[in-house]
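What follows is a set of notes on a single structure, which appears directly below.
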Amino acid sequence: MKAILRASRIGRVILRYRLDALLEGTPAERWLRLAKPFVPRASAEIAAQSRGARLRLALQELGPIFVKFGQILSTRRDLIPPDVAEELTLLQDRVKPFDGEAARLIVERALGLPVSVAFAAFDTTPLASASIAQVHAATLPPDANGLRREVVVKVLRPDIERQIDADIALLHSLATLVERTHPRADKIRPREVVAEIEGTLSAELDLQREGANASVLRRFWEGSDDLYVPEVIWSHTAERALTLERVYGIPSDDVAKLDAAGIDRKALAAKGVRVFYTQVFRDNFFHADAHAGNIWVDSDPERRLNPRFIALDFGIMGQLSQEDQYYLAENFMAIFHKDYRRMAELHVEAGWMPSNVRIDELEAAARSVCEPYFTRPLSEISLAEVLIKLFRVAQRYELTLQPQLILLQKTLLNIEGVGRQLDPKLDIWAVARPVLERILRERYSPRRVLGELRKRLPEIMTHAPDMPRLVHSWLKQQVEGRHQLDIRSSELRALDLSLRKLQTRVVTAITGSGLLVVAAVLYGLHPDGWYLGTVPVWSWISGGAGSAALLIAWLRR
């Protein structure tokens, strides 16, 4: 019954904001048409708004869970029109705070201690309130030196899980209906979108997980002059309550306050871009909700000329697979070099597109997207926009993207927006390019490769004895399969030639991999004999030969 009442309320809001056109051609539209005479007409003010603005206002009226839904949907620029996505980015996750005494009770249940014991002081008036949780100022009891540390306590809203479960169940029902009836359901993929929203909200409901995210990010940026991450107070953290050290700063979009504090905005903007690319390509752990409200600037007067960002809210973090990291970095470098052929090849090699796509068509599509950008001044070029438009054009060729890549697009867009607010003349390409080049050099340097091999040495030692038998078995199967091939036409001869080349490449690659394994084993065993630096000479020889074999295999593609 509650679900029916909730659905009817959603229907009324859809009609009042004139959003029924979004459901055109579905059974829902027919039901809404029947209900239309009983719903008050939209005001002239609402009717004059764009469709994106009307959707934003409707989501705000439906409540905090739908606000969160809209914020997540705004990241799916591969699914929704640009004008709607832009409006949804304006959604503000600010709601009326819940009672401070209720927050106190939640903290006590979470920590298993009275608040008066856990904290020397706890302010029941929240500092900030959002749809999932709200934040309270507090002070820890004195430590061994008698110091009382200022902290903030993030507390989940009461019964928020039940409310989210009910709304998500309704969204699943609506998604199933849309998938069965909407003419563009294969492009919209409604159930996939709802599943992504459900996963994001579930992650945000576990504050202990958010604390772990903050702890990992802090470890990566310990002692940095570019980014500060508050310390997690684990003794006062649980699933429904997260305690962090209290930090003071200026929101990164408050230009007037930054100028009044004498902050070097130009240096700060460049740092923001460098921090983002370092998080993505060095650490593979990036803050995926990096809007101005979650990114502050350290207000310490001593940091005016060497400013530092402060990260807040670690509920949504992003990671890419190693393959996506590599292909994305290579894609950016191909954009820098205007190498459209390579961009097209990378989209296929990464598995984002089917292997039977015509590379020349994809190359032409990439050229049509990128060339107009290169006529602009460098300060007006947005890498995020280029990437989003490339992926949107590639959808015509059955592009498949992982949610983490879509999350990265949105984060890159946010970071560029913050950077351009701080420094309107920021040349994002000039800042990003050397960072990417350095990271790619370091990522594939011999030292790093040997380090990775040494880290995997136990696994390699376990499987190494089986390698000769497996290689022999595989080669035997290939030879037998080749002898059974009956050459009947020029096409089959070409196929036979391709297979032989492939076999040669595979054998070369296996040989190279085996030599690298030998190099890693020698490096890990520390044998007697000659050394070059800290690495045995035979390890250098084996590693060099293995690398050469892999390079030959790669060049024979």
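Note that Cβ sites are derived from N, Cα and C of the backbone, with glycine treated the same way.
Annotated features, as they stand in Swiss-Prot:
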- Asp289: active site, proton acceptor (ACT_SITE)
- Leu127, Ala128, Ser129, Ala130, Ser131, Ile132, Ala133, Gln134, Val135, Lys154: ATP binding site (BINDING)
- 121-509: domain 'Protein kinase' (DOMAIN)
- 506-526: transmembrane segment (TRANSMEM)
- 535-555: transmembrane segment (TRANSMEM)
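All features noted in Swiss-Prot, drawn onto the structure.
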residue : record                       : DSSP (3 states)
Leu127  : ATP binding site             : coil
Ala133  : ATP binding site             : strand
Asp289  : active site, proton acceptor : coil
Measure from the CA atom of the residue listed as 'active site, proton acceptor' to the CA atom of Ala133 (ATP binding site) and give the result in Å, rounded to a whole number. 16
PLDDT averaged over every residue in the domain 'Protein kinase' (121-509): 83
Tell me the Cα distance separating Asp289 (active site, proton acceptor) from Ser131 (ATP binding site), rounded to the nearest angstrom. 15
Distance [Cα-Cα, Å, rounded] between Val135 (ATP binding site) and the residue listed as 'active site, proton acceptor': 17
Do you know offhand how many angstrom separate Ser129 (ATP binding site) and Asp289 (active site, proton acceptor) by C-alpha? 17
May I have the list of same-chain residues other than Leu127, Ala128, Ser129, Ala130, Ser131, Ile132, Ala133, Gln134, Val135, Lys154 whose Cβ is within 8 Å of the Cβ centroid of the recorded ATP site, in sequence order? Pro97, Pro126, Val155
When you measure from the Cβ of Asp289 (active site, proton acceptor), which residues in the chain that are at least 6 apart have a Cβ under 8 Å away? Asp313, Gly315, Ile316, Thr411
Counting only residues 6+ apart in the same chain, whose Cβ is under 8 Å from the Cβ of Leu127 (ATP binding site)? Val135, His136, Ala137, Val152
Just how spread out is the ATP site if you go by the largest Cα to Cα distance in Å among Leu127, Ala128, Ser129, Ala130, Ser131, Ile132, Ala133, Gln134, Val135, Lys154? 14
